[in-house]
């Protein structure tokens, strides 16, 4: 019995001595530092648990817009402002809601004695609910001012006339009304119209076919001349017209010299030169046809170049002058009445009520119906002049929408 007991005591003594020696060999400062860190962390953990579990829950702030606050949002709002600490900049989740509260007067400030924090001392800053309500009121006022300014700008933009080419207002320059068009395509800037004429090569409106009243002031300095953009087809047309003109001049000059010169008498008697005369005559006819065919295109290109390299002044549309010009044109062309009678049928109702367009400008002017007859006469003369207008490509009746889009997209 004594031997096992002695062995057990011997084993216990050896273990104690071994642990003691290990404690002597281990670095004491490092072990003490680890123990101190562990104690500090445990103490901080217990303090945090005491703060979050043993404190009383704060009262939920009343909503400013009068609607009951959702339970999820009220459950999240559990951290009040803690004076000048790290929680003073925290805002409740009520500000994140998508709805904007209506502007209401801010609540009266609380007395200093009633504003206390959870630890019994006076708070140094107002609660988070007051700060959030003030910020929401400022945000609502700013939104209201922005909406008012946007509405006023839209209203003023709808009343302000715009250029039908660049879609800018009078701040970019003086707006003119150079043709009969009305509505949103009535006004345009003078530089925009000159640039449009230089790109299109036509000096009349493509909607109402009214020829712009443009006065040439002066030509620019040759050092300031600008080149216009040409397509491949336009370049070929210009080259063909120039080469055809040069060949025609040279050929006609040689034919005239060989026909009337005494020194070329032997050429006129030679068979080979007689064949050349026939070939040159045929080539001259071809060149004349080429020049006639490409002449209008080259003339439009020249007018485009002239619009860019000359200073112009565009006049506004004068309705009275336009009507006078149409009446004068109707008097100088009396044969237009017969052509309109063949193209436009008349009816008994038009004859009884208003003068028909085919009755001629003299009868329309003497009819007692007044301004209506003048309008009929004006539109009839305009229609006739548009048919008699030379070297102008007429668009089909269904292409008016395309023309409007071309005007508005430049």
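Using N, Cα and C of the backbone, Cβ positions are placed for all residues, glycine too.
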Annotated stretch (region 'Disordered', per Swiss-Prot) among the listed ranges 285-305, 390-410: 390-410
Where Swiss-Prot places region 'Disordered' among the ranges 47-91, 92-136, 137-181: 92-136
Euclidean distance between Cα atoms of residue 189 (Zn(2+) 1 binding site) and residue 179 (Zn(2+) 2 binding site), Å: 13
Among 179, 205, 208, the one of these binding-site residues whose Cβ has the fewest neighbouring Cβ atoms within 10 Å: 208
Among 163, 166, 181, 192, the one of these binding-site residues whose Cβ has the fewest neighbouring Cβ atoms within 10 Å: 166
Env. residues of Zn(2+) 1 site, Cβ within 8 Å of mean position of 163, 166, 189, 192 Cβ: 164, 165, 167, 168, 172, 173, 175, 188, 191, 193
Residue 163 (Zn(2+) 1 binding site) to residue 208 (Zn(2+) 2 binding site) - Cα separation in whole Å: 17
Residue 189 (Zn(2+) 1 binding site) versus residue 208 (Zn(2+) 2 binding site) - Cα distance in angstrom: 18
Model confidence over the zinc finger (155-215), averaged pLDDT: 80
